[in-house]
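Enquirer: Swiss-Prot lists B:14-21, B:33-38, B:57-61, B:119-122, B:152-153 with the feature GTP binding site. The annotation motif 'Effector region' is assigned in Swiss-Prot to B:31-39. The annotation S-geranylgeranyl cysteine is assigned in Swiss-Prot to B:Cys196, B:Cys197.
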Amino acid sequence: MDEHYDVIVLGTGLKECIISGLLSVDGKKVLHMDRNGYYGGESASLNMNQLWEKSHGKEKKAPETLGSSRDYNVDLIPKFILSSGLLVKMLLHTDVTRYLDFKVVDGSYVYSSGKINKVPSTDTEALTSSLVGLLDKLPLRKFFIFVQNYEENNPATHDGLNLKITTMDALFKKYGLRENIVDFIGHALALYLDDSYLQQPAHDTIMRMKLYADSLARYSKSPYIYPLYGLGELPQAFARLSAIYGGTYMLNKPIENIVFDEEKKIIKVTSEGETVTCDKIVCDPSYFPNKVQKKGKIIRSICILNGPIPSADKKFESLQIIIPQKQVKRQSDMYVGVMSSAHCVCPKGKYIAIVSATVETNEPEKELAPAYALLGPIQEKFVYISDFIEPIADGTADNVFISKSYDATSHFETTCEDVMDMYKRITGKDLVLTVHPNILKQQEEAGNQEQEEQ
Amino acid sequence: MTKGRKIIKVVIIGEKSVGKTSILRRYVDKRFVTLKPTIGVDFVMVSENMVTLQLWDTSGQERFRSLEISYYRGADYCILVFDVTNEKTLYDLKLWRDDFIEKTEIRDPILFPFIILGNKIDDPNRVVTEKAAIQWCKDNIGGNLTYFDTSAKDNINIEQVFKHISNQCENQPQSNEIPPEQLISLTEKKSNQSSCC
């Protein structure tokens with residue numbers, strides 16, 4: 001240590017690791033530290049010993065009936081990756097895909113009228129699904145065709161509307177779509193947490209529906225992919241990118257002191273008695289409690305099951321359940337993600353179901369009852385309530401750039417938007433996501449090989 | 001990934017500046033380049049006889065003992081490197097071996113194959129003899145060990161290390177448990193198919 005860095009990054013959460021990787025590739029001198037002895041911070045995947053210790057302390061030990069600790073890679077923040085979403089674009093931009101393996105999530109369900117229904121993944125399924133009543137099929141089909149054809153810069157596709165002005169509610173009414181269909185579209189396809197989008201201009205909702213459709217078309221089955229060994233692989237992959245380009249990594253480094261030298265315009269960071277300096281700090285909210293504010297709470301309940309959940313297709317080894325707010329008289333949606341040994345996140349025969357929701361009452365876990373009812377017997381449960389935290393300032397004044405904590409959405413779009421926004425503030429440049437030259441070369445070679453085989 | 005061919009993941013660990021990257025470079029590029037502490041080397045696939053070796057370098061994260069679990073995951077061989085001019089780098093191999101075992105899912109550490117390399121034997125300041133190194137490793141690490149004296153600079157025994165691995169692996173079943181066809185490829189060009197549910 002005892003060096004000067006362009007940027008010191010604190011905390012190895014996914015956002016911090018992406019930024020560390022990007023800045024190192026840009027040629028910045030980066031030091032990345034974490035007080036924990038593992039990568040991932042709040043977005044880590046833990047083995048059973050780590051998970052047990054987190055909730056029970058160091059005294060007790062996990063029961064042997066749970067199986068080998070190292071077989072577990074349990075996400076603290078449950079999310080799925082949209083196949084055409086921003087995170088995939090970031091993976092392709094940085095060529096970090098080479099460190100990761102993915103599988104498609106087997107299916108997605110939406111809770112409606114007291115039971116779960118599979119979200120259709122093919123036209124045939126859509127036509128036969130009980131989610132859509134007979135009288136709704138034709139208006140819905142017209143609406144989907146409109147969405148599919150809509151191009152922001154082509155007025156001929158706008159059906160005489162300005163979707164930057166017309167609300168989504170008005171658009172739904174124009175197509176004669178009834179409340180249950182609206183609920184399905186807004187929550188199971190556009191993936192909104194609540195209904196505030198209805199009074200917003202329709203453009204964003206249309207773009208989200210198109211993202212869902214693109215993602216679904218990419219691999220079929222569902223619009224989601226998920227890495228083997230859990231989401232904790234993602235920060236590790238981006239950290240390796242940073243290291244390849246010269247980033248320095250230090251785990252097990254508690255931060256004792258951070259001093260701002262106004263005269264020299266540098267920041268001094270002290271860990272274990274050693275001090276280094278930098279121009280800028282990037283960190284997760286836990287490193288600067290006085291520079292952040294709380295904006296609500298999120299409950300996450302990690303449930304270990306001894307078999308597939310009874311209400312879904314038993315063959316599904318991974319799936320999502322969306323519980324729209326209105327179905328259970330809430331203000332925002334609840335999500336369940338179910339994973340198994342197929343994705344190497346638990347021993348064979350076990351399943352992990354993670355329920356997440358925004359806290360709305362003084363009894364958060366009771367709010368999860370409708371989700372628990374879908375899971376069947378729960379062998380073990382780990383319940384966490386976290387604050388949703390945002391930085392107070394944007395960092396341009398003091399050169400401390402703090403990420404938001406992870407929200408209750410079931411995907412990574414908001415995570416990536418925060419990263420892109422931070423990158424802009426840190427560097428002054430937009431992050432333009434393009435496919436990495438190495439990958440373009442691979443694709444070209446693959447294309448040539450196909451032609452030779454024909 | 002290469003289809004049909006057995007893929008063997010090999011990780012190489014040890015203290016900084018013992019020559020890990022130079023060893024890989026010497027083997028892969030057939031040339032020796034004096035390097036600054038590791039910059040820009042990642043992993044590389046090399047065909048050797050009937051197997052493909054997937055060789056992983058540490059990318060510098062070992063300097064402060066900050067290797068990720070995913071770096072180690074799925075390794076079929078672990079190469080431990082020390083510098084024969086620096087006794088401490090030999091003694092620290094136990095820490096590296098323990099780090100590897102803790103972070104991987106190895107069922108039986110005694111059977112797992114480790115290869116110990118005493119590098120920089122070209123240096124006249126050698127202080128650890130081959131005999132002493134082998135004895136120390138047997139006493140302090142134990143298990144399934146193979147030792148080589150090496151010099152990345154003078155290209156001594158580098159080829160032999162990796163031939164040893166490929167020869168050992170040729171007759172063993174593929175260790176990967178995930179059927180490759182279930183994995184998706186993010187880097188494939190998007191298909192033209194479209195659907196709207």
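Each residue, glycine too, has its Cβ placed from N, Cα and C.
Distances, neighbours, how buried they are, the whole picture for these features please.
Expert: Taking the Cβ of B:Lys120 (GTP binding site) as reference, residues of its chain lying under 8 Å away and at least six apart in sequence are, in sequence order, B:Val18, B:Gly19, B:Asp83, B:Val84, B:Thr85, B:Arg126, B:Ser151, B:Ala152, B:Lys153.
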Enquirer: Return the single residue from the binding-site residues list (B:Gly14, B:Val18, B:Lys153) that has the minimum number of other CB atoms within 10 Å.
Expert: B:Lys153
Enquirer: Can you list which of the binding-site residues B:Gly14, B:Val18, B:Ser59, B:Lys120, B:Lys153 come closer than 8 Å to chain A, going by CB to CB distance?
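Expert: Out of B:Gly14, B:Val18, B:Ser59, B:Lys120, B:Lys153, B:Ser59 lie under 8 Å of chain A.
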Enquirer: Counting across all protein chains present, how many other Cβ atoms fall within 10 Å of the Cβ of B:Ser59 (GTP binding site)?
Expert: 27
